[in-house]
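Beneath this line is the structure, given in C-alpha coordinates, with notes to follow.
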Amino acid sequence: MIDSHIHFDQLSTNMVKQLLQQQLTSHFIAVSTDWESARRTLNLSKQHTQIIPAVGWHPEQLLPTLNECADFLQWSEQNITHFQAIGEVGLPYYTRLENPLLPIEPYMEWFEQWIILAKRYDLPLNLHIVHDDVPHALDLLEKHSIVKAHFHWYKGPNNATERLLQNGYYISITPDIMYKERTQHLVKKVPLEQMMIESDAPYPLEGPFAQRDNDGTFLHSTVKKMSESLHIPEGVLKKKLTQTTKKLYSLTF
(Lines of atoms letter the chains of each structure in order from A and count residues from 1; the text may use other names and numbers.)
(Lines give C-alpha, C1' and ligand atoms only; values in the text may rest on other atoms or scores of the structure.)
Protein backbone atom coordinates (compact mmCIF):
# COMPACT_ATOMS: atom_id res chain seq x y z
CA MET A 1 0.00 0.00 0.00
CA ILE A 2 0.89 3.67 -0.12
CA ASP A 3 0.64 5.94 2.92
CA SER A 4 -0.93 9.00 1.30
CA HIS A 5 -0.08 11.53 4.03
CA ILE A 6 2.87 11.40 6.42
CA HIS A 7 5.36 13.88 7.89
CA PHE A 8 8.62 12.02 7.31
CA ASP A 9 10.75 14.99 8.29
CA GLN A 10 9.23 14.90 11.80
CA LEU A 11 9.98 11.22 12.44
CA SER A 12 12.98 10.03 14.43
CA THR A 13 15.79 8.24 12.63
CA ASN A 14 14.65 4.95 14.16
CA MET A 15 11.06 5.52 13.01
CA VAL A 16 12.22 6.26 9.47
CA LYS A 17 14.33 3.11 9.41
CA GLN A 18 11.47 1.01 10.80
CA LEU A 19 8.97 2.32 8.27
CA LEU A 20 11.24 1.80 5.31
CA GLN A 21 11.91 -1.80 6.35
CA GLN A 22 8.35 -2.94 7.05
CA GLN A 23 6.41 -4.81 4.38
CA LEU A 24 2.84 -3.44 4.49
CA THR A 25 3.52 0.04 3.08
CA SER A 26 5.77 0.31 0.04
CA HIS A 27 5.72 4.09 -0.56
CA PHE A 28 4.84 7.28 1.29
CA ILE A 29 3.49 10.68 0.23
CA ALA A 30 5.64 12.88 2.46
CA VAL A 31 4.14 16.33 3.00
CA SER A 32 5.91 19.49 4.16
CA THR A 33 4.84 22.08 6.72
CA ASP A 34 7.13 25.01 5.85
CA TRP A 35 10.22 25.86 3.85
CA GLU A 36 12.72 24.07 6.10
CA SER A 37 10.41 21.07 6.27
CA ALA A 38 10.27 21.01 2.47
CA ARG A 39 14.07 21.01 2.28
CA ARG A 40 14.35 18.14 4.75
CA THR A 41 11.61 16.16 3.01
CA LEU A 42 13.27 16.66 -0.36
CA ASN A 43 16.63 15.50 1.02
CA LEU A 44 15.02 12.39 2.53
CA SER A 45 13.39 11.58 -0.80
CA LYS A 46 16.78 11.73 -2.51
CA GLN A 47 18.10 9.19 -0.01
CA HIS A 48 15.10 6.84 -0.12
CA THR A 49 13.10 6.22 -3.29
CA GLN A 50 10.07 5.05 -1.27
CA ILE A 51 9.56 8.65 -0.07
CA ILE A 52 7.51 10.76 -2.49
CA PRO A 53 7.90 14.45 -1.56
CA ALA A 54 5.32 17.24 -1.51
CA VAL A 55 6.03 20.92 -0.96
CA GLY A 56 3.74 23.24 0.98
CA TRP A 57 2.97 25.32 4.07
CA HIS A 58 0.78 23.91 6.84
CA PRO A 59 -1.99 26.46 7.49
CA GLU A 60 -2.24 25.99 11.28
CA GLN A 61 0.55 28.48 12.00
CA LEU A 62 1.33 32.15 11.60
CA LEU A 63 1.67 33.25 8.01
CA PRO A 64 5.11 34.12 6.67
CA THR A 65 5.81 37.71 5.66
CA LEU A 66 5.00 38.75 2.10
CA ASN A 67 8.69 38.53 1.19
CA GLU A 68 8.99 35.09 2.77
CA CYS A 69 5.90 33.94 0.86
CA ALA A 70 7.37 35.15 -2.42
CA ASP A 71 10.77 33.57 -1.71
CA PHE A 72 9.28 30.22 -0.70
CA LEU A 73 7.04 30.09 -3.76
CA GLN A 74 9.98 30.99 -5.99
CA TRP A 75 12.12 28.24 -4.43
CA SER A 76 9.24 25.77 -4.75
CA GLU A 77 8.84 26.56 -8.44
CA GLN A 78 12.57 26.34 -9.05
CA ASN A 79 12.56 22.86 -7.48
CA ILE A 80 9.13 21.77 -8.69
CA THR A 81 10.44 18.90 -10.82
CA HIS A 82 11.63 17.19 -7.62
CA PHE A 83 8.17 17.24 -6.01
CA GLN A 84 5.24 15.00 -6.83
CA ALA A 85 2.56 17.13 -5.12
CA ILE A 86 1.71 20.40 -3.38
CA GLY A 87 1.03 19.89 0.31
CA GLU A 88 0.27 20.19 3.04
CA VAL A 89 -1.71 23.34 2.31
CA GLY A 90 -5.15 24.62 3.24
CA LEU A 91 -6.95 26.81 5.78
CA PRO A 92 -6.42 27.37 9.55
CA TYR A 93 -9.65 26.02 11.06
CA TYR A 94 -8.22 25.11 14.48
CA THR A 95 -6.11 28.25 14.77
CA ARG A 96 -9.22 30.37 14.21
CA LEU A 97 -11.11 28.39 16.84
CA GLU A 98 -8.52 29.58 19.33
CA ASN A 99 -8.43 33.10 17.87
CA PRO A 100 -11.81 33.96 16.27
CA LEU A 101 -10.59 37.46 15.39
CA LEU A 102 -7.83 36.10 13.16
CA PRO A 103 -8.57 37.40 9.63
CA ILE A 104 -9.09 34.58 7.14
CA GLU A 105 -8.45 36.59 3.96
CA PRO A 106 -4.62 36.46 4.07
CA TYR A 107 -4.79 32.68 4.57
CA MET A 108 -7.19 32.37 1.65
CA GLU A 109 -4.82 34.37 -0.55
CA TRP A 110 -1.82 32.26 0.52
CA PHE A 111 -3.75 29.05 -0.09
CA GLU A 112 -4.76 30.30 -3.52
CA GLN A 113 -1.13 30.85 -4.46
CA TRP A 114 -0.46 27.15 -3.84
CA ILE A 115 -3.54 26.21 -5.85
CA ILE A 116 -2.24 28.29 -8.76
CA LEU A 117 1.17 26.60 -8.51
CA ALA A 118 -0.44 23.15 -8.48
CA LYS A 119 -2.56 24.07 -11.50
CA ARG A 120 0.42 25.42 -13.42
CA TYR A 121 2.36 22.16 -13.06
CA ASP A 122 -0.60 19.76 -13.02
CA LEU A 123 0.24 18.50 -9.52
CA PRO A 124 -2.21 17.11 -6.96
CA LEU A 125 -3.01 19.15 -3.85
CA ASN A 126 -2.66 17.41 -0.47
CA LEU A 127 -5.06 19.42 1.68
CA HIS A 128 -5.64 20.35 5.31
CA ILE A 129 -9.28 21.43 5.02
CA VAL A 130 -11.89 20.52 7.64
CA HIS A 131 -15.36 21.35 8.96
CA ASP A 132 -16.72 24.78 7.97
CA ASP A 133 -13.68 25.54 5.81
CA VAL A 134 -14.57 22.84 3.29
CA PRO A 135 -17.07 24.95 1.28
CA HIS A 136 -14.61 27.87 1.12
CA ALA A 137 -11.88 25.57 -0.15
CA LEU A 138 -14.20 24.02 -2.72
CA ASP A 139 -15.02 27.51 -4.00
CA LEU A 140 -11.33 28.16 -4.64
CA LEU A 141 -10.67 24.75 -6.17
CA GLU A 142 -13.64 25.15 -8.51
CA LYS A 143 -12.58 28.70 -9.39
CA HIS A 144 -9.30 27.32 -10.73
CA SER A 145 -10.85 24.16 -12.25
CA ILE A 146 -8.73 21.92 -10.04
CA VAL A 147 -9.09 18.21 -10.79
CA LYS A 148 -6.51 16.66 -8.46
CA ALA A 149 -7.38 17.42 -4.83
CA HIS A 150 -6.80 15.12 -1.85
CA PHE A 151 -8.55 15.99 1.43
CA HIS A 152 -6.51 14.34 4.17
CA TRP A 153 -8.05 13.30 7.54
CA TYR A 154 -11.32 14.65 6.23
CA LYS A 155 -14.04 16.03 8.49
CA GLY A 156 -16.79 18.04 6.86
CA PRO A 157 -20.54 18.68 6.64
CA ASN A 158 -22.57 16.22 4.58
CA ASN A 159 -23.51 18.66 1.83
CA ALA A 160 -19.87 19.67 1.38
CA THR A 161 -18.82 16.02 1.31
CA GLU A 162 -21.30 15.34 -1.48
CA ARG A 163 -20.03 18.33 -3.44
CA LEU A 164 -16.42 17.26 -2.90
CA LEU A 165 -17.10 13.75 -4.18
CA GLN A 166 -19.13 15.03 -7.14
CA ASN A 167 -16.08 17.06 -8.13
CA GLY A 168 -14.07 13.85 -8.27
CA TYR A 169 -11.84 14.79 -5.34
CA TYR A 170 -10.21 12.28 -3.02
CA ILE A 171 -10.43 11.48 0.70
CA SER A 172 -7.98 9.47 2.81
CA ILE A 173 -8.95 7.37 5.82
CA THR A 174 -6.80 7.47 8.98
CA PRO A 175 -6.39 5.10 11.94
CA ASP A 176 -9.13 7.06 13.72
CA ILE A 177 -11.59 4.73 11.97
CA MET A 178 -10.79 2.43 14.90
CA TYR A 179 -12.50 4.76 17.37
CA LYS A 180 -14.40 7.54 15.54
CA GLU A 181 -17.97 6.85 14.40
CA ARG A 182 -17.67 9.81 12.05
CA THR A 183 -14.93 8.06 10.08
CA GLN A 184 -16.72 4.71 10.25
CA HIS A 185 -19.69 6.38 8.52
CA LEU A 186 -17.50 8.33 6.09
CA VAL A 187 -15.74 5.26 4.72
CA LYS A 188 -19.08 3.92 3.50
CA LYS A 189 -19.82 7.12 1.56
CA VAL A 190 -16.59 7.42 -0.39
CA PRO A 191 -16.26 5.48 -3.67
CA LEU A 192 -13.19 3.23 -3.75
CA GLU A 193 -12.04 5.16 -6.82
CA GLN A 194 -11.73 8.24 -4.58
CA MET A 195 -10.47 6.62 -1.37
CA MET A 196 -6.94 6.34 0.02
CA ILE A 197 -5.33 5.51 3.36
CA GLU A 198 -2.95 7.53 5.52
CA SER A 199 -1.19 7.56 8.88
CA ASP A 200 -0.52 11.31 9.34
CA ALA A 201 2.43 10.19 11.45
CA PRO A 202 3.66 11.41 13.86
CA TYR A 203 0.40 13.24 14.72
CA PRO A 204 -0.98 11.74 17.97
CA LEU A 205 -3.91 9.34 17.85
CA GLU A 206 -6.57 8.41 20.38
CA GLY A 207 -8.56 5.28 21.21
CA PRO A 208 -6.45 2.09 21.16
CA PHE A 209 -3.42 4.11 20.03
CA ALA A 210 -3.59 6.77 22.77
CA GLN A 211 -0.60 5.49 24.73
CA ARG A 212 1.53 4.82 21.67
CA ASP A 213 3.54 7.02 19.34
CA ASN A 214 2.04 7.31 15.88
CA ASP A 215 5.04 5.86 14.08
CA GLY A 216 3.17 5.18 10.85
CA THR A 217 2.77 1.44 11.44
CA PHE A 218 -0.94 1.42 12.31
CA LEU A 219 -2.19 1.10 8.74
CA HIS A 220 -2.57 -2.66 9.15
CA SER A 221 -5.27 -2.08 11.80
CA THR A 222 -6.76 0.68 9.66
CA VAL A 223 -7.15 -1.36 6.50
CA LYS A 224 -8.49 -4.31 8.50
CA LYS A 225 -11.24 -2.11 9.97
CA MET A 226 -11.98 -0.63 6.55
CA SER A 227 -12.24 -4.13 5.11
CA GLU A 228 -14.75 -5.13 7.78
CA SER A 229 -16.82 -1.97 7.30
CA LEU A 230 -16.94 -2.28 3.52
CA HIS A 231 -17.23 -6.09 3.39
CA ILE A 232 -14.31 -6.23 0.98
CA PRO A 233 -11.42 -8.71 1.37
CA GLU A 234 -8.29 -7.03 2.72
CA GLY A 235 -6.19 -8.04 -0.26
CA VAL A 236 -8.68 -6.60 -2.73
CA LEU A 237 -8.98 -3.39 -0.70
CA LYS A 238 -5.22 -2.90 -0.40
CA LYS A 239 -4.85 -3.30 -4.16
CA LYS A 240 -7.62 -0.80 -4.88
CA LEU A 241 -6.29 1.79 -2.40
CA THR A 242 -2.87 1.49 -4.01
CA GLN A 243 -4.29 1.88 -7.52
CA THR A 244 -6.25 4.99 -6.52
CA THR A 245 -3.21 6.64 -4.91
CA LYS A 246 -0.97 5.83 -7.86
CA LYS A 247 -3.52 7.33 -10.23
CA LEU A 248 -3.90 10.60 -8.30
CA TYR A 249 -0.17 11.09 -7.73
CA SER A 250 0.88 9.86 -11.21
CA LEU A 251 3.09 7.13 -9.77
CA THR A 252 4.48 4.58 -12.20
CA PHE A 253 6.21 1.96 -10.02
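Glycine is treated like the rest: Cβ placed from N, Cα and C.
Feature annotations, reproduced from TrEMBL:
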type: BINDING; residues: His5, His7, Glu88, Asp200; note: divalent metal cation 1 binding site
type: BINDING; residues: His128, His152; note: divalent metal cation 2 binding site
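What TrEMBL annotates, mapped onto the structure for a quick look.
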{"residue": "His5", "record": "divalent metal cation 1 binding site", "Cβ contacts under 8 Å, 6 or more apart": "Ile29, Val31, Gly87, Glu88, Asn126, His150, His152, Trp153, Ser172, Glu198, Ser199, Asp200"}
{"residue": "His7", "record": "divalent metal cation 1 binding site", "Cβ contacts under 8 Å, 6 or more apart": "Ala30, Val31, Thr33, Ser37, Asp200, Ala201, Pro202, Tyr203"}
{"residue": "His128", "record": "divalent metal cation 2 binding site", "Cβ contacts under 8 Å, 6 or more apart": "His58, Pro59, Glu60, Glu88, Val89, Gly90, Leu91, His152, Trp153"}
His5, His7, Glu88, Asp200 excluded, remaining Cβ within 8 Å of their centroid (divalent metal cation 1): Ile6, Val31, Gly87, Asn126, His152, Trp153, Glu198, Ala201, Tyr203
Coarse DSSP state, helix versus strand versus coil, of His152 (divalent metal cation 2 binding site): coil
Other CB atoms, at most 10 A from the CB of Glu88 (divalent metal cation 1 binding site): 27
Number of Cβ atoms other than its own within 10 Å, given for Asp200 (divalent metal cation 1 binding site): 23
